Amino acid sequence: MTESPLAPSWLSYPSDTSYLNPVMYSNGTTRQVSGEVTIGTVPVSELAATYGTPLLVVDEDDFRARARGFVEGFNRAFDSLCGGVDVYYASKSLLTVQVARWVAEEGLNMDVASGGELAIALRAGFDPAKIGLHGNNKSDQELTRALQTGVGRIVVDSLSEIYRLAALAESAGVSAPVMLRLTTGVHASTHSYIATAHEDQKFGLSMIPAPGEERSAAEQAVLAVAEHPHLRYLGLHSHIGSQIFEADGFTAAADRMLNFIAALQTQHGITTAELDLGGGYGIAYTEADRPRAPEDIADSLAEGIRATLQSLTIDCPRISIEPGRAISGPAGSTLYRVGTTKTVWVDDPTGADQPVPRRYVAVDGGMSDNPRPVLYDADYSATLASRVSQADPVLTRIVGKHCESGDIVVRDTYQPEDLDDQDLVLVPATGAYCHVMSSNYNALLRPAVVAISGGSARLIIRRETDQDLFAREV
Ligand SMILES: *Cc1c(COP(=O)(O)O)cnc(C)c1O
């Protein structure tokens, strides 16, 4: 067997299918001499036997280490600049009460994007002063709850939200702490960014004046917040995208924001105390992804900000960042059990006469526990985790059990030819945007979530039962 002409160009033909690329798997994931994979020394067969499959396994030690990595890396880089950095964990990537406690214990702040996420954070006892509330269409109820509980920052997304929030703050007899989310025109994804106007999207206040208007929505918003007695202007926010590997997009956005901050200072005498540069730090879903360490990105970003500040006459505002997937993603992996398999023969895309094989391996979950392949064409990787095999690697597509042909778990991977019924497959980098996006499609029961720490596993979210399916029936 050899390389398949159906394989994407980034996928290399493995010399050893048992190899676990450390850039994709959590720090605690290793293969024992027996051939079985362990996570934090717990064998996958034991996890499957105790908790069932599919199972989201979160390596808590790895999660905590990545959280600390951002705090330490960014604070070191910004030590002599801007007085340090606050790290807000983007809870939308993975949130349970226990996860919120890990975030608190590691000293991070937390972003929530809805009343529900806020409720989970508060249930965990998270200090509301260290919570930021996001959302482009927050309800009055969500804003009121944030005001009543003393949430530290409300990231306002539009001009209309300002007046709604001001009225609610006034009736609650408080002053609302406001950050303003701006559209910088910088949009970054993976290895490149575009700095032309990325205006045409739902988030944020535009920095470009509308035709016939003197002031941009961003400038109008700052003025409105700064002069309102029930609003407290903290600063500005920008989030430029996701799965970003280089610092240049963040640096370009910071440059635009700092110039805007300097203009606010000179034209209106308004001081901006805080600048949030958002999240989106990339992770490795496949061998083709090469994420940089947080401290490297921090160094590049600090260098860019230092250069911008040299041409301006403002003090650097306090910087904050909002990593989500870069903390939760690599810490999690999903364990599935294989059911059926088949091989199909398809036309050779290079035009050769002979059809070429693609192996299909169906597992016991799919788009209900990981909708990202369906939603974003996201690529993932996998390994045969319950044993090793000497069989030849063949191009394999791992699919789910849903009634959709797009129900793909791993689009392209080389797996041993004898991967079969009852084998356990581990898909890495599923800590982010899988549990939180899971559904009951086809009335599948959502998987349990297990945390592994100090060599032992414990349940943090139980598997659903049929009773959960009936729970909301009236
Ligand atoms: C989603 C989001 C994040 C986190 O993105 P990641 O890609 O998970 O790092 C941070 N900030 C805001 C405003 C977001 O919407």
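Each residue's number is its place along the chain shown, starting with 1.
Glycine residues also receive a Cβ, built from the backbone N, Cα and C atoms like all the rest.
Among the features that TrEMBL reports, domain 'Orn/DAP/Arg decarboxylase 2 N-terminal' is placed at 77-328.
Around Lys92 (N6-(pyridoxal phosphate)lysine), a 10 Å sphere centred on its CB holds 21 further CB atoms from the protein chains shown. As annotated by TrEMBL, N6-(pyridoxal phosphate)lysine applies to Lys92.
Around Pro323 (pyridoxal 5'-phosphate binding site), the C-beta neighbours below 8 angstroms that are at least 6 residues distant in the chain are Phe70, Val87, Tyr89, Ala90, Gly279, Gly280, Tyr281, Pro294. The feature pyridoxal 5'-phosphate binding site is assigned by TrEMBL to Gly280, Glu322, Pro323, Gly324, Arg325, Tyr433.
Around Arg325 (pyridoxal 5'-phosphate binding site), the same-chain residues six or more apart in sequence whose CB sits under 8 Å from its CB are Ala90, Ser93, Ser242, Gln243, Gly279, Tyr281, Gly282, Ile283, Gly431, Ala432, Tyr433, listed in sequence order. Mapped onto three states, the DSSP output places Arg325 (pyridoxal 5'-phosphate binding site) in helix. The substrate binding site feature in TrEMBL is assigned to Arg325, Arg372, Tyr376, Glu404, Tyr433.
Annotated domain 'Orn/DAP/Arg decarboxylase 2 C-terminal' per TrEMBL: 330-431, in sequence order. In the predicted model, residues of the domain 'Orn/DAP/Arg decarboxylase 2 C-terminal' (330-431) average a pLDDT of 97.
As annotated by TrEMBL, active site, proton donor applies to Cys403. For the recorded site, Cys403 (active site, proton donor), the DSSP three-state label reads coil. Residues near Cys403 (active site, proton donor) in space but far in sequence (CB under 8 A, at least 6 apart, same chain), listed by position: Asn442.
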Integer Cα-Cα distance in angstrom, Tyr376 (substrate binding site) to Gly324 (pyridoxal 5'-phosphate binding site): 17
C-alpha spacing of Gly324 (pyridoxal 5'-phosphate binding site) relative to Glu404 (substrate binding site), in angstrom: 29
Those recorded positions in Gly280, Pro323, Arg372, Tyr376, Cys403, Glu404 whose CB falls under 6 A of ligand 1, listed in sequence order: Gly280, Pro323
The domain 'Orn/DAP/Arg decarboxylase 2 C-terminal' (330-431) - residue tally per DSSP class, helix then strand then coil: 5 helix, 46 strand, 51 coil
Residues close to pyridoxal 5'-phosphate site centre defined by Gly280, Glu322, Pro323, Gly324, Arg325, Tyr433, Cβ within 8 Å: Ala90, Lys92, Ser93, Ser242, Gly279, Tyr281, Ala326, Ile327, Ser328, Gly329, Ala432
